[in-house]
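J.: Submitted below is the structure of interest, expressed as structure tokens.
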Amino acid sequence: MHSTDNETATAAPVHKAHGNRVVLNRQLAQMLKGGVIMDVTTPEQARIAEAAGACAVMALERIPADIRAAGGVSRMSDPSMIKGIQEAVSIPVMAKCRIGHFVEAQVLEAIEIDYIDESEVLSPADDVYHIDKTRFAVPFVCGARDLGEALRRIAEGATMIRTKGEPGTGDVVQAVRHMRRMQAEMRAIASMRDDELFEEAKRLQVPYDLVRHVHEHGALPVVNFAAGGVATPADAALMMQLGAEGVFVGSGIFKSGDPARRAAAIVQAVANYDDAQLIADLSEDLGEAMVGVNEQEIALLMAERGK
Amino acid sequence: MDTPARQTAIENVRAKAGSDRSSIAAACGQRATVRKRKPNVAVLAVQGAFVEHERRLEQLGCDCTELRHGADLARPFDGLVLPGGESTAQAKLLRDLGMLEPLRTRIASGMPTLGTCAGLILLAERVTADVSTPSLAGSMQDGTASEAAAEGSMTRGAFGTMPITVRRNAYGRQLGSFRTLAPFGDEGEPPCVVAMTFIRAPRIESVRDGTRTLAVVDDVPVAVQAGNQIGCAFHPELEDSNVVYERFLALVEGVRTAD
């Protein structure tokens, strides 16, 4: 039994996903809960993140703030760079592919990435279709601004959801907006009559079964993290109090003055998001936060990519 | 890939677990009314799948206390659960939040403790580095390569209270995660087959000093008990069976009775 599963895993897993993998992949996300996933660009940064208590790292060539500054087309990272990070740490390693670019996803699966982020941070490769994630054995996390986007991604096979926020800005306003919207929509569905769910599925443009799940559980069928613009321990705790089950921090750590210290402080703030006294202590003398740009000041809204 | 026969077997286990659960909950409830106080189980709640454990323990008639920082240790509890998650993150938070030493003292002095996956790594006396590539995993079959790798990177688990050696991520990355069925229990007990889910799981490489093996998958121990400590490489909180919890709660009951 065990060996059969292992054969599936090691011998060309592409296009061999089956029911069990979806469950296993959702369960890996459960193990990440209450944790912080940090963007890293080098093995050295990955080691700093792991030592600071990150529950996973996102390997990418440029963090979102630099992608934003550089402009042009941004793509999946060089596999050799990702492998370097896989060898440097023992925690799960995630990597991004472009929206709709299923070959980049196949490449990431071939190098045994632990989680693929089909991400709006990179330039979309397809302006209509997302990746059919049900055809992969590796898990996918996807961004969402509202419940409709979240459930569409889950229908496509995503086993973890994060808010889109606005990456690379250090401005948490969009992540807050997206998390509040998702939570409010779930509360509304939880309080609906059964016969109203059909219309709601039509309105959200999502499968009825997923609306039914939200109605019965008051929650997504997968783990839901916050991402995009988190820069301080208080930002991270804010997202947790708004209902996030964990936090992605992208540019906020390695664009700040003292990354190791800030990373450790954010990890503790997520574990104790209700403890204002502790968050006050954690917020002291953290050095320079990332500079940040307001959403009104930016030309490119990454959150508008991939609906 | 599941065969129909295996599916049926899994469903039978699930059905049995489902019917057992209500009777056990009722039994625990009865005990609680007699004793006035339900067993109180502390669950390490700094990172990982701790809510899943709490739900199961509450269904079985326990009160749960979340351990998030040092001050929480002042609250009374009869047993301790160390959940799945990332052991490096959990170990760092245990240290930073002032819980590591006080909990180690309690575990070492007999506090009933259940560690699952990352929790098992925290308990292990010796932890060897993970295997990051399939080629390395293959070479581990070769004894010399395995020993050489083990010699180079041996550390102590955060608590280090259980006389076992585990290897982190020894089953590979997420593509190596799997679910299977195997008997669980002491030798001589009637075998009880339970479903086990392994997610980027640690492998128990050796057990010492009277540590008992409770379950084996592919000739490798996956559940062990040393005194009042139980460690599982798999995730009982993700399955319907109560067998692992029953064993843990029996230890909790034993300590409460002794008090």
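Note that Cβ sites are derived from N, Cα and C of the backbone, with glycine treated the same way.
Just so you know, TrEMBL annotations never went through curation; they're auto-generated.
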J.: With A:ASP39, A:GLY168, A:GLY250, A:SER251 listed by TrEMBL as binding D-ribose 5-phosphate, identify the candidate in A:GLY71, A:GLY143, A:GLY218, A:GLY229 belonging to that site.
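T.: When TrEMBL describes the D-ribose 5-phosphate site, the candidate it includes is A:GLY229.
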J.: With D-ribose 5-phosphate as the bound species and A:ASP39, A:GLY168, A:GLY229, A:GLY250, A:SER251 as its recorded binding residues, calculate the greatest Cα-Cα distance and give it in Å as a whole number.
T.: 12
J.: Look up A:SER251 (D-ribose 5-phosphate binding site) in the DSSP assignment and reduce it to helix, strand or coil.
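T.: Its secondary structure by DSSP: helix.
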J.: Specify the secondary structure state of A:GLY168 (D-ribose 5-phosphate binding site) as given by DSSP, simplified to three classes.
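T.: The three-state answer is coil.
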J.: Residues near the D-ribose 5-phosphate site, A:ASP39, A:GLY168, A:GLY229, A:GLY250, A:SER251 excluded, by Cβ within 8 Å of the Cβ center?
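T.: Near the D-ribose 5-phosphate site, the remaining chain residues are A:ILE63, A:PRO64, A:ALA65, A:VAL121, A:PRO167, A:THR169, A:GLY170, A:GLY228, A:VAL230, A:VAL249, A:GLY252, A:LYS255, A:MET290.
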